[in-house]
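A short worksheet on the structure shown next.
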């Protein structure tokens with residue numbers, strides 16, 4: 001175990017595993033009753049690493065197909081078929097890349113980071129959140145609006161890798177195979193065409209900082225709980241195999257695309273549509289890298305996002321489905337709230353259409369549906385806990401339009417409170 005020998009060597013310490021003396025190794029670590037040398041520690045780490053790799057290969061043998069991923073997305077996200085296909089294929093290929101790199105070393109497969117462009121409330125963030133539910137790799141979301149260059153007030157880009165590491169329970173091997181979604185990426189566009197006016201610490205500066213981690217670098221991340229000791233070493237995370245998905249509304253990009261379209265077709269045969277005559281999602285379909293450069297993204301940043309997926313505007317039919325079809329649909333959520341009061345909440349089909357039209361008029365997409373429902377049901381939710389005998393509340397189109405109040409149906413059918421008089 002510990003001390004062996006006679007004479008001068010009686011105080012010499014030996015490794016309990018390989019038997020080498022303290023003079024033959026760089027360091028000898030003492031336990032309660034044993035010693036282990038640095039060489040045996042490294043050997044143990046190599047064994048653990050190999051076992052982790054083999055377990056990763058086994059876990060990725062059943063790679064989910066793009067159709068399987070898309071099917072799960074369909075359960076939560078209505079419409080956006082093209083964007084779902086792009087994301088499903090990208091995630092599937094991400095799994096395949098990791099599997100290929102673990103097993104083979106002949107051809108290096110480069111990753112294809114993704115840029116999601118779509119109007120407000122079209123489902124970009126929801127797609128990313130739903131992916132987080134179904135993936136077997138660590139996943140994190142970051143907000144680009146909070147990022148600044150290192151050294152300035154705000155979060156620096158290394159914080160993104162720290163969040164990914166936290167989602168992997170500080171397992172560096174797993175974090176290096178994760179997926180990062182960066183929201184509001186359009187907010188870090190260059191603020192001015194003249195870079196010499198002021199230092200753009202939250203725009204072009206952040207783009208430059210993101211370039212490194214998106215392309216692949218070794219980021220230094222503080223260990224769990226932060227650095228409590230000055231000599232405590234940072235964790236090194238290689239970002240080469242981390243897939244980055246960036247999303248943004250890119251408000252105003254449609255004008256740049258439309259302007260380019262007008263300059264390319266002139267003459268009597270040219271068909272020119274004003275931007276307001278076409279839906280934003282339809283215009284986004286024609287986006288080119290040069291449009292993103294004019295918007296304020298630097299060429300190097302655009303080059304690191306080779307896959308561009310555009311999302312469509314949500315029409316009335318899609319918004320109605322969003323209200324009722326997904327597993328966590330808004331109507332189902334409010335019906336559950338009313339069930340807690342033992343009351344049934346019913347929406348007429350015309351009422352759902354009126355709610356969808358309101359969201360379209362406000363140009364808020366699916367994100368605006370909750371605020372519309374809140375305003376419609378506010379008075380009802382305020383009154384109901386104090387009322388007795390109500391078993392059903394019916395919401396009609398007139399209620400949504402503000403010309404009537406909800407219909408309360410009481411348990412005693414002879415006493416039906418039909419509060420459908422016009423509101424003052």
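The backbone N, Cα and C atoms fix where each Cβ goes, glycine too.
Note that the structure is a prediction, hence the values are computed from the model and not measured.
Record features (Swiss-Prot):
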- 15, 18, 37, 40: Zn(2+) binding site (BINDING)
- 119, 120, 121, 122, 123, 124, 125, 126: ATP binding site (BINDING)
- 3-56: domain 'ClpX-type ZB' (DOMAIN)
* Of all the binding-site residues given, 15, 18, 37, which has the fewest Cβ neighbours within 10 Å once its own Cβ is left out? -> 18
* Structure fact -> Across all protein chains shown, the binding-site residues 120, 122, 125 give the max Cβ-within-10 Å count at 122
* Can you tell which of the binding-site residues 120, 121, 122, 124, 125 lies nearest to residue 37 (Zn(2+) binding site) in space, using Cα positions? -> 125
* **Position of peak Cβ density within 10 Å, selected from the binding-site residues 119, 121, 123** => 123
* To do: Find the shortest Cα-Cα separation between residue 122 (ATP binding site) and the binding-site residues 15, 18, 40, and name the residue that gives it.
  => 40
* Specify all same-chain residues, apart from the site residues 119, 120, 121, 122, 123, 124, 125, 126, whose Cβ lies within 8 angstroms of the center of the Cβ atoms of the ATP site, ordered by sequence. => 118, 249, 311, 365, 366, 367
* How many whole Å apart are the CA atoms of residue 125 (ATP binding site) and residue 40 (Zn(2+) binding site)? -> 47
* Asked: Could you give the mean pLDDT over the domain 'ClpX-type ZB' (3-56), rounded to a whole number?
  -> 77
* Asked: C-alpha of residue 123 (ATP binding site) to C-alpha of residue 40 (Zn(2+) binding site): distance in Å?
  -> 52
* Asked: If we check Cα distances from residue 15 (Zn(2+) binding site), which of the binding-site residues 119, 120, 126 wins as closest?
  -> 126
* Structure fact -> For residue 126 (ATP binding site), the same-chain residues 6+ apart in sequence with C-beta under 8 angstroms from its C-beta are 76, 77, 366
* Candidate binding-site residues 119, 120, 121, 124, pick with smallest Cα gap to residue 40 (Zn(2+) binding site) -> 124
